[in-house]
């Protein structure tokens, strides 16, 4: 019997070796127990024992779960949890049922108080040496022993029939199992697991959300953010300033809750399920989701959980604070993100699509960041492209007009060579200069002595901007460089000029165009597309035909007054170009009163009751006007005009169309050819006045029609200029208007031109208008006729009416000068085509 028992112990040890367990201390104890058992059997052989009917015996147990703790060879398991263990012995069969009791007894003794149900084996070895059971131990019992019996066969492995009595298998340590209860209840463990998972998510989110916001960004938000952002940043900034301490506290707290979560979850479950569930829970709910949320809303979440963060920092301070101090010493103080000039410019550029910056604001920021990199040589105007004046120039009307047309307010003045800049002329210096005095520019420059400032071409724009901003050197500087070319000594050479406007243009990355600029860009010479101002230099022209010459200023004033104040000379009747050319004719006169009596006829400009055919505008001096039979008298001064009735009828004149109005032309021809004033105008001081005769006025109107024809493309510019010059210069004060006379062939040409229109196809070739109304009606019907035919008809009609006007005063000889522009061959060929 002893040998039989020891063989079973050897089988148990061998089974442990098969399962990968070496003959350790527990196996040694098992052998020692077997020897003790053999000795006890020999000593008790003389005792009386009852006969055991059963042929099986259990000599040892082993739990299949490797994680179960073993103390002194006795396994310790958790209550109320399914446990699988293997029993070793002999004669084990499928109907060998076991149970557990808390009472000690010898082998073969009765098992009167079983503590668990009967359990049948899940599987049994073929030789009957081992069997596998699944058992759940109840609570409130600390130590269990095995009882067994041969039960009736049943399919339920957890419960067996109870009719056969149970036999105690002994109180050996190899047959003993201890239990323990969990430290906390299951429901409390579940709550703690969920709480740990929540804190794990919070710590993971704060780790990314808070640590991704550097100190510089928080300062920006505290100063420039919205009200909420300022509030949140103010709460976070004190904690974020302790970067390493915050990092260590968050990481330590995260590791703590994750470890607790894993341990508690392992207590509730075991095996592969616990591993998979804990991994998915931590990754999905503890890492990915919170970090995704806090990466976008880290500021708000960090501010609202700041108390939790401070609490964790306080709890983990004994460990996290020393570690953070070590990191501070090793890694240095955290400064935050710092942007240099290039990074700032690139930051503005790459975020242009998502920020609210305007394009001009982006350009200004970029320009300001590049000021230190650009030099004056990059933005200066070359000296050869600058508008300058020679020191020997005279400040006459032509020079001042040239200065005004240049559009500049500061004019460099050079002496001899253009690169020898000696002074500056400001446009305000000309305020008290009379152009009639022909003041030398040198005199004016010596009086004001405006200084000039020179800089080198490698000066950066930020330095120039500061100098211009101070105002000590003005807002213009000349750029010079050292010229060491050649064999001579090096010398300073002026190569260009730079102004405050140039620097500001580089600052805002755009061209500044004010009301006086001629060019959009001085370097590219791109002209500004703007309304063309009047060229006043034309009033300084001197014509030999003029017997009396006046100053250009007075000529300009006369032009402006006539074109704006006198209806007969406004631009819709007489164009500005024609009026300017008209004033270049011999229309200026003067009267000297010295040594003449009051009744001298040469002092009278108009005599009451004496017909006149001219218009008069007083420019200088005083005149006395006597009106009506009552001889009412008053004096008048400059820019008083008389005789407008001699030019136009006293009716409202409609604005002519682009090709002229036949109604207006016919009305001009039908009025009286002379005007009889009911007043007298006598000079009482030296007087300068202009006289414009009716025939010259009609010539100017005809020239205006020609100009409108040129604008519409009927005539070329050369044809127009030649014809206007001939028209205006053909009229002199002593010349009769014979140049406007036409012979019968010219008159017939005019009538033929009218009769050839579609509206007169049914009329006879000798048809002539009998009234002005007929001409007006036909003029309305001529709107759909070809452009060239209309122009020819209108101008021919003017010539015909001029002939009627002077038919009693001139010969019938044809004028030698052509009145109509000579059309080129291409235009004639187009007209000849059907």
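Just so you know, glycine gets a Cβ as well, placed from its N, Cα and C.
Marked as nucleoside 3',5'-cyclic phosphate binding site by Swiss-Prot: 604-656. If you look up Swiss-Prot, you'll see 740-763 marked as compositional bias 'Polar residues'. The compositional bias 'Basic and acidic residues' feature in Swiss-Prot is assigned to 822-834. For 182-361, the entry in Swiss-Prot reads domain 'CNNM transmembrane', with the evidence type sequence analysis. The domain 'CBS 2' annotation in Swiss-Prot covers 448-515 and rests on sequence analysis. Per Swiss-Prot, N-linked glycosylation site is recorded for 38, 42, 156, 522, 743, 751, 790, and the stated evidence type is sequence analysis. Residues or ranges marked as region 'Disordered' by Swiss-Prot: 739-765, 807-834. What Swiss-Prot records for 1-20 is signal peptide. Under the heading topological domain 'Extracellular', Swiss-Prot lists 21-182, 320-834.
On the structure: features taken from Swiss-Prot.
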residue	record	DSSP (3 states)
604	nucleoside 3',5'-cyclic phosphate binding site	strand
611	nucleoside 3',5'-cyclic phosphate binding site	coil
618	nucleoside 3',5'-cyclic phosphate binding site	strand
625	nucleoside 3',5'-cyclic phosphate binding site	strand
632	nucleoside 3',5'-cyclic phosphate binding site	strand
639	nucleoside 3',5'-cyclic phosphate binding site	coil
646	nucleoside 3',5'-cyclic phosphate binding site	helix
Using DSSP, how many residues of the domain 'CBS 2' (448-515) fall into helix, strand and coil, respectively?
20 helix, 21 strand, 27 coil
Densest Cβ neighbourhood among 618, 632, 646 (binding-site residues), 10 Å radius:
646
Using all protein chains in view, find how many other C-beta atoms are within 10 Å of the C-beta of residue 625 (nucleoside 3',5'-cyclic phosphate binding site).
17
Local confidence of the topological domain 'Extracellular' (21-182) - pLDDT mean:
73
Using a 10 Å cut-off, grab the number of neighbouring Cβ atoms around the Cβ of residue 604 (nucleoside 3',5'-cyclic phosphate binding site), all chains included.
17
Take the Cβ of residue 639 (nucleoside 3',5'-cyclic phosphate binding site) and count every other Cβ within 10 Å, whichever protein chain it belongs to.
15
Chain-internal residues, separated by at least six, CB under 8 A from residue 611 (nucleoside 3',5'-cyclic phosphate binding site):
674, 675, 676
